[in-house]
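Colleague: Sharing a structure, written as structure tokens. Questions coming.
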Amino acid sequence: MTEKKESHSNYKGFVAGVFSGIAKLSVGHPFDTIKVRLQTSDSRRFSGPLQCLLQTVRKEGVAGLYKGATPPLVGWMFMDSIMLGSLTFYRRILHQTLFNPNRMVASPSAFAQRDLPLPDSKLHKLPTIGHAMAGVMAGATVSFIAAPVEHIKARLQIQYSSKKSERLYKGPIDCVSKIYKYHGIPGVYHGLSATLLFRSFFFFWWGSYDVFTRLLSEKTQLSTPAVNFWAGGLSAQIFWMTSYPSDVVKQRIMTDPLAGGLNDGVRRFPNWITAARTVYAENGWRGYWRGFLPCFLRAFPANAMALVAFEGVMRALP
């Protein structure tokens, strides 16, 4: 009976993650397009986020802000389902093993023999470090889905022409098929190691989410959805403030020409270190923060709504 309950609870996490992904995309994609364009260009093309926004809308229309939206529309639903479902799973595993004070007890009969009450798992909450560790594990798990999705999205987002005939890739399927044709699976997964590094910062996201949730629940009279909203938004800001430089390097790697039969240019970055050094050589330490404003503005509403959706669906499912 316990195994069935745990399996059902894990299933709820994956279902709720789908709704989280939809909510995140609807609110956040235009901000993400501006962020990626700033991260992968220099000041000669865009002087800042406002100029990038205005130029994109003027030359490509509002639809230009949603370039590359198809991969995350499907991908984020799947990615958030995997991330939040695995997060729920890893939290439970850590709670039952590493952070279970009674994990050394072999069976309930041991308690009966000593005339002691059975431990109540509800009385023992997973500590913040446990939530942070589960976040890192979930981040590594979802990276194998996120890397190709974000790779294709980034390449589509930096196609500046408003005419499809002038673009190298007509859409996400065309992009995947061309990359696979000339570079195989490694080409599709270009940037995987950078994605794994970037998502290791989920340590700060889910650790801080637990801290904010506890503080808001204990110190305020906010409703549960309101706690989810504020904790989700604030923890997302913590995550981006700690991880943003690694995201800049990741985007530079993912938009670097793959060369070969694609005829998209000459490859510049053979590894992560080269890309990181190039960012610094071009713009100094400010280069690691280029495009941060639209990312910061996007992070709160997009992730707050995503976590409200996730927690709400988790509560609604029987």
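Cβ atoms are placed via backbone N, Cα and C, with glycine included.
Summarising the annotation, TrEMBL assigns repeat 'Solcar' to 8-93, 126-215, 223-316. Residues or ranges marked as transmembrane segment by TrEMBL: 73-94, 187-207, 227-244.
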Colleague: Let me spell it out: take the transmembrane segment (227-244), skip the flanking residues so only those 6+ beyond its ends count, and list any with a Cβ under 8 Å from a Cβ in it.
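Modeller: Residues 198, 201-202, 204-206, 208-209, 211-213, 216-217, 220, 288-289, 292, 295-296, 299-308, 310-312 contact the transmembrane segment (227-244) from elsewhere in the chain.
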Colleague: Take the repeat 'Solcar' (126-215) and count its residues per DSSP category (helix H/G/I, strand E/B, coil), listing them in that order.
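Modeller: Helix, strand and coil residues of the repeat 'Solcar' (126-215) number 72 helix, 0 strand, 18 coil.
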Colleague: In terms of Cβ proximity under 8 Å, which residues at least six beyond the ends of the transmembrane segment (187-207) contact it?
Modeller: 87, 128-129, 131-136, 138-140, 142-144, 146-148, 150-152, 176, 179-180, 235-236, 238-239, 242-243, 246-247, 249-250, 253-254, 256, 258, 272, 275
Colleague: Could you give me the DSSP helix, strand and coil counts for the repeat 'Solcar' (223-316)?
Modeller: 77 helix, 0 strand, 17 coil
Colleague: Count the residues of the repeat 'Solcar' (8-93) that DSSP assigns to helix (H, G, I), to strand (E, B) and to coil, and report the three numbers in that order.
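Modeller: Tallying H, G and I as helix, E and B as strand, the rest coil: 73 helix, 0 strand, 13 coil.
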